[in-house]
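Take a look at the structure set out below.
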């Protein structure tokens, strides 16, 4: 049975990271510290710019977040790749939430533009993912556009984020 709520809190995201939300062997979020948002405030199959799905997630930015201490010493900034990874995480979550089977993997993107930096003085990051297409076959493939807004200002724009869910073969199953 899939969990199809319209929003998810932090404990739910951790359950997803443990493989408990969509079932064993299916889409999972990474666990902290690589989980890059605190909640999914909204998820739907019909919303968004293209009418094919919308996800809105939030991260409360705190000066003691793990990456500020090492990237960079004396000039703390969230690595851009982490914001991008959050967008891929959300597309994968959407595929699992939509009924897709198998573990997810980021497959690429068409274009990415940065116009700002997430620094410790930022209070909140909001990720918005607009689903453009979901292909359902042996491979479930999600294609989406995404933004990262910091305190209401868009800093990242990604086009054609691609994530796939792959049915595991016996050879790909983890050893017990």
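Placed from the backbone N, Cα and C atoms, the Cβ positions cover glycine too.
Swiss-Prot lists 71 with the feature active site. Counting only same-chain residues six or more apart in sequence, the Cβ atoms lying under 8 angstroms from the Cβ of residue 71 (active site) belong to 77, 78, 79. For the recorded site, residue 71 (active site), the DSSP three-state label reads coil.
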